[in-house]
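Peer 1: Structure incoming, see below.
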């Protein structure tokens, strides 16, 4: 342990010099609007009528939106809009969460239901759908598309009624109100809210995740924007052509039937709906490092710290929906918001049109996962294939297919697997670990008796520190050897059974080799030669 702490302190000092330069508040990216040539490739879509505050009440849009220093809709404008809709529609209920942001801002959300259901008493045999936006505060089409959906539902009562025959919907339009206020990606404390889903460093993350776990949705969406002007090619004169990038949850500990439902039904329909709206799309990607001259793009990964996968590990269909918007201020905002609205409407309509298949597949997947004795996946890899990706030449706005290497996660390939334990045993000295699991919606039983008997233990054979300081820690790659031993644990120890719906979140958090495990993030610090203090029951 001494070596770990010493290295951590050294890394803290070094990290202060190599980390991104952040201040308290207003960590805003530079604005680089599209040239007239590029802008011509993203024209307004004829017939667009968006029912959200930035478009129905343009006088409420702050001046800073035009130069990239503010979003288009202040908290009070958003709340007033939501309250008015709720007063006019009996099936819309306005709520304020019983928690606040790091700077004390409110979290308003809407609950949509044709019955008298609630989060605590959901409708029987209906889909539960969670929709969130505004996770990153400088991605305004995310929360605006959520507000546009609410306005669209209110303006189309027959469509709303058809949806609510089959589902109850919770809409949390603004996940990060402090970030929106400062028009920055991060929380007020400069943690990335979309990288905190396993380590749970911030109370705000825990509060929202507890609300999510209580609602226990079948379907969820996470609305974001991506950087518009990221350039590629030898001359840096090509950019992504897409209006929309999207991805389902990819972690291999999500039931395969649920993952296939996401890919084969929802993703295919979404692509068609985006094209039908006169927009362009591709799978969500990030740029990778490559030893070849060809551009390497990585499909959305499997890491559980990302909201898309963390939500999916509760065994539900999840989509990350991104629109083209970071760094261009108010440019093309109608088209951007429309892109988000088209994606979320596609998900809702697909679920209703295929209700029996969707509901039964997810419910069967939950039962199959809960009762499974299959091995769990600790690490995986992304096979690389050749394909093309839609690009735009910034010189003449030509649209073309650009050849790339593509690291695919549809599906990823398992590398390290381990037998699924019947349960985990956690000593009473680790109540903070149990609390984190409970935030995930994982149940833990406190034993009134001491446990004496055989367990599987993990002996740490290697700990490798990352080269970068990341959100308060130096992450580690841990290797272990599984051994059997007898143990005596005192009364008050915790038993975490794995025959429960959200157990996959326990797998990724408690198995040390996982990239986002508690051991990786130093929540449970270990050194080479240690025995990991969480035990497995066969």
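From the backbone N, Cα and C atoms, a Cβ is placed for every residue, glycine too.
What Swiss-Prot records for 1-21 is signal peptide, and it gives sequence analysis as the kind of evidence. Here Swiss-Prot flags 46, 393, 459 as N-linked glycosylation site, drawing on sequence analysis. The region 'Disordered' annotation in Swiss-Prot covers 53-76. Under the heading domain 'Peptidase M14', Swiss-Prot lists 71-351. Residues annotated as Zn(2+) binding site in Swiss-Prot, with sequence analysis given as evidence: 136, 139, 224. Summarising the annotation, Swiss-Prot assigns active site, proton donor/acceptor to 322.
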Peer 1: Give the distance between the Cα atoms of residue 136 (Zn(2+) binding site) and the residue listed as 'active site, proton donor/acceptor', rounded to the nearest whole Å.
Peer 2: 11
Peer 1: Residue 139 (Zn(2+) binding site) to residue 322 (active site, proton donor/acceptor): how many Å between their Cα atoms?
Peer 2: 9
Peer 1: Based on Cβ atoms within 10 Å, give me the single least packed residue among the glycosylation sites 393, 459.
Peer 2: 459
Peer 1: Given the recorded positions 46, 224, 393, 459, which one's Cα is the least distant from that of the residue listed as 'active site, proton donor/acceptor'?
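Peer 2: Minimum Cα distance from the residue listed as 'active site, proton donor/acceptor' across 46, 224, 393, 459 lands on 224.
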Peer 1: Could you tell me the C-alpha distance between residue 46 (N-linked glycosylation site) and residue 459 (N-linked glycosylation site) in angstrom, no decimals?
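Peer 2: With the alpha carbons as reference points, the distance is 63 Å.
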Peer 1: Counting only residues 6+ apart in the same chain, whose Cβ is under 8 Å from the Cβ of residue 224 (Zn(2+) binding site)?
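Peer 2: Those within reach of residue 224 (Zn(2+) binding site), by Cβ under 8 Å and sequence separation of 6 or more, are 135, 136, 139, 142, 194, 320, 321, 322, 323.
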Peer 1: Taking only the Cα atoms, work out how far residue 459 (N-linked glycosylation site) lies from residue 393 (N-linked glycosylation site), in Å, as a whole number.
Peer 2: 54
Peer 1: Could you put numbers on the helix, strand and coil content of the region 'Disordered' (53-76), residue by residue per DSSP?
Peer 2: 14 helix, 0 strand, 10 coil
